[in-house]
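Annotated in TrEMBL:
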- 83, 106-109, 172-174, 178, 225-228, 408, 419-420: substrate binding site (BINDING)
- 102, 263, 322-331, 333, 356-359, 383, 410, 416: ATP binding site (BINDING)
- 102, 104, 326: Mg(2+) binding site (BINDING)
- 162-260: domain 'Glutathione synthase substrate-binding' (DOMAIN)
C-alpha cells in the first residue's frame, strides 16, 4: 500500500517523426524566450496587470518579485528547467500539426521515470518477438540532462562545499522521479538535501552577503519540486519563499521565471509582434516558435474579450478554458466551460482565465497499465513534452539545450490531467 509502480502503456505509441524533430528543434528557442521574459520587468508588469487584480496567487508571487527587484538581486547565476508540452492536432485533411499546450517553468516532472521507460518498452517488444522494432526506440535520459543543468549552476555558484537543496512537498508521491535526478548529482559528488518550506522557515538563514544556509550548510542551488499551486502556501511558506528569493542561491526557477510560465503570458505571446519584441534580431527562432502555437484568446475586459466570451459560450466544444494554474486537472471543457463563462462573463474575474482552441488529436489503441485496474484496450491520445535546460551567468548564456523527452498517454474520455493527477500514463514514442 505504500509503494506503487508508476503507470505506463503496454506498448510504445506511434509519433510522427517530423513533428517529434520539430519539437526538439524549437526547444532552445523556447529556452531563450523564457529567459528573455524573466528579465523583462516591463513585459511581466503589463501582461499580468489584469490577472493580479483578480488572482490572489499570481498577485502574491508578483509582490515577492517586485520586492526582491527593489532590494536588488543577490543572485547572479540563473538556471531554467522547463518542459514544453505538445499535442498532434489532426486537420480535416488528416495531416497532423504540432501544437503547444503550455510550457512548464516550475517543477516540471517525470524526467526521472521517463529515463527508464524506453528500456521497459524495449523489453516488452522483445518478449513479443519484435526485436527489430525494439532496436528503433530512441535512448532518452532527461534525468542526466536536468542534473547537468543543476550541476553547471552549482559549479558557477563557485562554492565547492555548498549543497543542492530539493524543495519538496510535505507528502511526496513522486519521490522516485526526483531520486533519479538526485542520484545523478550524487554521482557527480554534489551533495543533495531534501527540505520542505516548513524546514526553510524554521532553519533557513541568510548571512550579510545573502548566502543561504540550511542546517549550517551553504546552499548553492534550490531546485523547486513544490510551490506551484496555492495549496502549497500558508503564511509561513510565503515567508520561506521570500527568504529563498532574497538569497544569493541559484533558484530553479526564480520567481520571474515562474511568472514567465503563466497562462496569461502564454496568451500574450501569441499576439502579433510580441515575440519580435522579446527576441529582437532572431526572426528564425520567432518563426519556429510561432509555428507551434494554437489559437489563444484574451478574456480581458473590453470589446475583444466580450466577443471571445460570447463565441465560446455559443460553441464551447471548440475551446479550452484555462486558469492561471500548474499541475494538471484545472482546465474546463464543453458544458462546464459554458457554465463557468456564463457565470463570470460580466465580472472582472474572467481576466484570470485564457481561452485556447481545443486540439483534436487522432486516437490510437493501447493498454494502460495501472495498479488495481483491469487490463483492457483503450482508445488513447498522447502528449509529447520536451525538457529544456539553460544556465545564464550575468548576461552570458553558458548552457542551452534540449534535455530529453516525455510521452504521456491517456484514454480519450479524460479531457485533462497528467500522470500525477492519476489520468495519464508514461509512454515511449515509436517514430514513424
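Yeah, the Cβs are placed from backbone N, Cα and C, and that goes for glycine too.
TrEMBL entries are annotated by machine, without manual review.
Over the domain 'Glutathione synthase substrate-binding' (162-260), the average per-residue pLDDT in this prediction is 97. Looking only at Cα atoms, residue 102 (ATP binding site) sits nearest to 419 among the binding-site residues 178, 226, 419.
For the binding-site residues given as 83, 173, 358, 410, the lowest number of other CB atoms within 10 Å of the residue's CB is seen at 173. Under DSSP, the residues of the domain 'Glutathione synthase substrate-binding' (162-260) split into helix, strand and coil as follows: 41 helix, 25 strand, 33 coil. Taking the Cα atom of each, residue 173 (substrate binding site) and residue 323 (ATP binding site) are about 24 angstrom apart. Distance from the CA of residue 333 (ATP binding site) to the CA of residue 178 (substrate binding site) is 32 Å. If you take the Cα of residue 83 (substrate binding site) and the Cα of residue 104 (Mg(2+) binding site), they are about 5 angstrom apart, rounded to a whole number.
Annotation for residue 226 (substrate binding site): spatial neighbours 107, 167, 168, 169, 196, 197, 232, criterion Cβ-Cβ under 8 Å with sequence separation of six or more.
The binding-site residues near residue 419 (substrate binding site), taking a 10 angstroms Cα-Cα threshold over the set 323, 333, 410, are 410.
Taking the Cα of residue 228 (substrate binding site) as the reference point, the closest of the binding-site residues 104, 323, 333 is 104. Geometry remark: residue 333 (ATP binding site) versus residue 104 (Mg(2+) binding site), CA distance 21 Å.
Between the CA atoms of residue 410 (ATP binding site) and residue 109 (substrate binding site) there is a gap of 17 Å, rounded to the nearest whole number. Taking the Cα atom of each, residue 109 (substrate binding site) and residue 323 (ATP binding site) are about 20 angstrom apart.
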